[in-house]
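J.: Structure provided below as structure tokens; questions to follow.
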Amino acid sequence: MIVELLREEPQLIAAICYAMIACGLVVLVVLLNGSRAPYGRFRDSAILSKLSISARLGWFIQEIPSLIIPLYYATKALPNLPLPNAVLLFFFIIHYAQRATVYPIFINSTKGTPIVIVLSAFIFCVINGYIQGAWHAKYVVFSSTWITSPLTFVGIILFLVGITTNIHSDSILRNLRRPGEEGYKIPRGGMFDYVSSANYFGECLEWIGYALMARTLPSFTFALFTLCNIGPRGLSYHRWYVEKFEDYPKKRKAIIPFVL
């Protein structure tokens, strides 16, 4: 059966998607039950301090596969890549071009990133970069009405709003502390006036929009996995802020404005 899957790439990609969906649901349950990823403000320095690398280098290493792999498939498919496929791959590649090459430059954290986190994120980005790149460059065929579909339009708007929110929120977080300052502060401005995890809110919008545009199994898989992973982390960050700061804004929600 495994040999057959390896020979039939569409079936292999589908199998990977179903496995990722299952893993995402497991991650959701684990995180909702109180477990926290061991980095950032929840990093266990006593255990992981000697097993870390530079935050900038770690971020670059873990994110770069999601840029290189889809870019390879998109380039290989040119000049015969249909417009809908090109649009989807363009949006995906633009996100990871920013996340893998621009975002790390501005990381000002002096804390390292645990190697286990970098490795797990790297593996995920290899797998996800493969299923997004291969499926949308080689296999999916969109109808002639794709460009005029309301779902496509809504998806594009959500993606653009999401990536703008994500980048702006990251900028606010980076500038909370002056060089050399330690400790945490309450982020303010932009979507942080409405949610504690504005950067996560933006990223969720991005991939929901991407899934609405594509309407494919790999895009749905990635959107669901993202929600399962960073949704609970947004809730944890909100609780942390509320517990740490007595003057934390009472009306601010965790990750969904006015709702949650």
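Heads up, the Cβ atoms here are built off N, Cα and C, so glycines get one too.
Sharing the feature lines straight out of TrEMBL:
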TRANSMEM  12-32  transmembrane segment
TRANSMEM  53-74  transmembrane segment
TRANSMEM  86-106  transmembrane segment
DOMAIN    112-260  domain '3-oxo-5-alpha-steroid 4-dehydrogenase C-terminal'
TRANSMEM  113-131  transmembrane segment
TRANSMEM  151-168  transmembrane segment
J.: Restricting to the same chain and to residues at least six past its boundaries, which positions have a Cβ under 8 Å from a Cβ of the transmembrane segment (113-131)?
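T.: Long-range Cβ neighbours of the transmembrane segment (113-131): 13, 16-17, 20, 37-39, 43, 48, 51-55, 58-59, 61-70, 96, 218, 221-222, 225.
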J.: At a C-beta cut-off of under 8 Å, are there same-chain residues at least 6 beyond the transmembrane segment (12-32) that contact it? List them, or none.
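T.: Residues packing against the transmembrane segment (12-32) from afar: 5-6, 127-128, 130-131, 134-135, 139, 217-218, 220-222, 224-225, 227-229, 231-233, 235-236.
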J.: Just to be sure I understand, if DSSP states are collapsed into helix, strand and coil, how many residues of the domain '3-oxo-5-alpha-steroid 4-dehydrogenase C-terminal' (112-260) fall in each?
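T.: Once the DSSP states are binned, the domain '3-oxo-5-alpha-steroid 4-dehydrogenase C-terminal' (112-260) shows 102 helix, 4 strand, 43 coil.
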J.: If I take every residue in the domain '3-oxo-5-alpha-steroid 4-dehydrogenase C-terminal' (112-260) and average their pLDDT values, what number comes out?
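T.: The average pLDDT of the model in the domain '3-oxo-5-alpha-steroid 4-dehydrogenase C-terminal' (112-260) works out to 92.
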